[in-house]
Amino acid sequence: MSHVSVKHNSRLSDLVGYKLRVLTEDGRVYIGELMAFDKHMNVILSDCVEERIPKQEQLKLRQNKTIDEVKVEKRTLGLVILRGEHILTTVVQDKPLISKRERLVKEKQQQKVLKKQQNKNKKGSNDGKISKPNESKYKGKTSSGIPVQAKKFQPPPGFKAK
């Protein structure tokens, strides 16, 4: 377990992007990168790994009281949503892969690309006016060449047609 220095009064919002260790009520430990959370402390972890101690190992621990020979089962889960109702604690495991500054720069770049795409879409539209569809050369086919459906809409079974 690596030691990462984090301010004592830091909030969960400051830890987005950090690798966290989340302990749940049933004794399982989830380790993954914090992507998001909400007011109920539901947490989304990416690249998540679950660690748990099987019941047989727990019995051995209670009898022998030694931690050295404990077998911990691990399994890779990927993207996980943990319900805040079941979370006991969160501990910072590791610092984020990219710094906060780099993350902000990437967000700004993504915002610019998004605005460009939105502006392109606005220029392509007719200022909210409805335009007629392109008439094709062949009657009964759309401009893409797909035949137009000949019969009218049929209601689902159990409903009467008017």
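Yeah, the Cβs are placed from backbone N, Cα and C, and that goes for glycine too.
Remember, TrEMBL labels are computer predictions, not curated facts.
For reference, TrEMBL has these:
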type: DOMAIN; residues: 7-96; note: domain 'Sm'
type: REGION; residues: 108-162; note: region 'Disordered'
type: COMPBIAS; residues: 113-123; note: compositional bias 'Basic residues'
type: COMPBIAS; residues: 124-138; note: compositional bias 'Basic and acidic residues'
Task: Segment confidence, the domain 'Sm' (7-96), expressed as mean pLDDT - done: 89
Task: For the compositional bias 'Basic residues' (113-123), the number of residues DSSP places in helix, strand and coil - done: 11 helix, 0 strand, 0 coil
